[in-house]
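Asks: Feature list, courtesy of TrEMBL:
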ACT_SITE  96  active site
ACT_SITE  169  active site
BINDING   383  heme binding site
COMPBIAS  545-555  compositional bias 'Polar residues'
DOMAIN    46-436  domain 'Catalase core'
REGION    532-555  region 'Disordered'
Ligand code: HEM
């Protein structure tokens, strides 16, 4: 039985969990009640109206052995089958159409009752079930995962008091301040109207035209041009609620709040060339990465935190705290980490779960409220509205969207209504006093409007702090490490190179002078714009913490779920191969054997007749280095001689080198590495010593005892395994890039 069907058929287990009384179990049991097991041996094909069929492969026809005659209209089974197929598709999401989802659990380790009455944020004994969907924004449902784009980070908490949705992104700010601009920013970013080009990317005239014309977007486009928009994995990015919300406590006192999720695996990204290639080589890379990690029991985890500002302090900042184009620097408002989000179960079926899940920022539980953030206010209208056209009136009844607490009201009928409500009235008030609204005294689960004083002119106006658009764009750029700054420069140069209207790239280079003159000059030179001579405004020089990814790394080095390719051919060194496989597995990494063919490969001294050998996971053409985090080449004179004559093998190593990945080699394997990247300034081991040169770890003569199973990953480690695995844990070797090595090899 497949893993997937085991999950589906574990109904008894799921019901047991529900009997445990946990809230987590409630959602699982609720879904189990509408889940069928396709692999149950008792199953037989039926029509949708339940009649068992004996042949669903041939349309009923008037035929003989010699002549195929007309198909008959009376074949209702056939018409039903085609008819259901014809209507399988629903409209894709108007934005964030491409995504992947999973189930999980939210736990709280510190109560926030000082700020809120919401059970999900105050009851530390709860395990709240969640469903999370990650996404790209601009591309269609069938577009690639690794494009340069913002990533959606949407979490549905099935709480005891109703559903709470945080519909966030992996970037803490947004392009616009007022929801009314959303159709414009999305039209400008999506494929252009005349030819529907390009798909899933911002590298085109209209996107950048919009950015220039909307100075409020300046901060966000800097994030969008940074490494944040090419994440290595959904599991390795932060999540932000972006908008400002309010928490209200039992005294009715309000605090402004921003929500944060910080990944245990650290924040990591691709390099651009890698992301570009993967978009063609493996468009489902992120989707598979998430599924495989959960399937293998390496559950992605995020620390959940809040930034809280008392209502009275609203005006104490130089920016408006209701402006979604601004972040709250951690120096000014520290994040309090109070909980953990873990994803621990894959979906059973993509369509009914990941596709039909529907989020809405208006889904809040008592104790969590709207602020006057004008982007949030409009969003809460938009999501409800869009679900009506995407999923229909009864979208909240779909199993994935149903709350785990009771639902009762007078919203009735509509297409596809499931619930059967018994009773003779469907309005309030009614003569039976049935289904009345609750009284506030009944408990904190009852939604009560929080009275807030509002004054102002009726006008199409934003307050004056909303009109400052550059300080945080500078703050972000100043806070980047040198490689991150170089990546932003290169990203802007790539994007503006795709804009063929000079007005667009000239103006954008002018706009960049409002952030940093040197950045503007470097980009202008690369894209052929006039080189700006004067800063649009002085750079204030300030920085803030935790904006650079380099500061967001795991406390202890880890290579959990890192994919490591081991290149071998006949005659490989079995001691090195087996040793590295064991060490990687012990560290929960995923070793993959790659060889010129997928039939068994024999170690040095092992004969074909012995019938053993290693069956590779892939051949050299089936995969590319882009799909792995590191490449290891064990010794073995014949194996390495074969690989050195193979251009594809050489390209594997060279490309991984240029993509800044850790490389490891022992024995003769060092020669293949040298063929690929022996540049002036690179060092390689020549005897028993371990050489770590820009993350390329080599040992020309290696003792069997060097391949110990449990690695002590550490910088400058003397042992081969310790040094090599430590380099994998660092994700990329940016010193290699700063020395200019990648640009010296052909990849
Ligand atoms: C803070 C800024 C915003 C963030 C963080 C954000 C985030 C998201 C995310 C994560 C999704 C995908 C949800 C899923 O996985 O199903 C989404 C979808 C969507 N967003 Fe936003 N969004 C923002 C602004 C807006 C605005 C201003 C509007 C409209 C005024 C809007 C309208 C939509 C719509 C219509 C969808 C499609 C929903 C669906 O079909 O299920 N968003 N957004």
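Quick reminder: no glycine exception, Cβ is built from N, Cα and C everywhere.
Note that the coordinates shown come from a computational prediction; the quantities given were computed from them, not determined experimentally.
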Asks: Using a Cβ cut-off under 8 Å and a sequence separation of 6 or more, which residues in the same chain sit near residue 169 (active site)?
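Replies: Correct list: 150, 151, 152, 153, 239, 240, 242.
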Asks: Taking just the CA atoms, what is the gap between residue 96 (active site) and the residue listed as 'heme binding site' in Å?
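Replies: Checking the Cα atoms of residue 96 (active site) and the residue listed as 'heme binding site' gives a distance of 12 Å.
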Asks: Using a Cβ cut-off of under 8 Å, list the residues of the same chain at least 6 residues beyond the compositional bias 'Polar residues' (545-555) that approach it.
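Replies: Same-chain residues near the compositional bias 'Polar residues' (545-555) but 6 or more away: 227-228, 238, 262, 264-269, 329-331, 475-476, 479-481, 484.
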Asks: Could you check the recorded positions 96, 383 and say which one's CB has the fewest neighbouring CB atoms inside 10 Å?
Replies: 383
Asks: Limited to the domain 'Catalase core' (46-436), I'd like the whole-number average of pLDDT.
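Replies: Averaging the confidence scores along the domain 'Catalase core' (46-436) gives 98.
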Asks: Secondary structure at residue 169 (active site) (DSSP, helix/strand/coil)?
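Replies: In the DSSP reduction, residue 169 (active site) maps to strand.
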Asks: Counting by DSSP, what is the helix, strand and coil composition of the region 'Disordered' (532-555)?
Replies: 3 helix, 0 strand, 21 coil
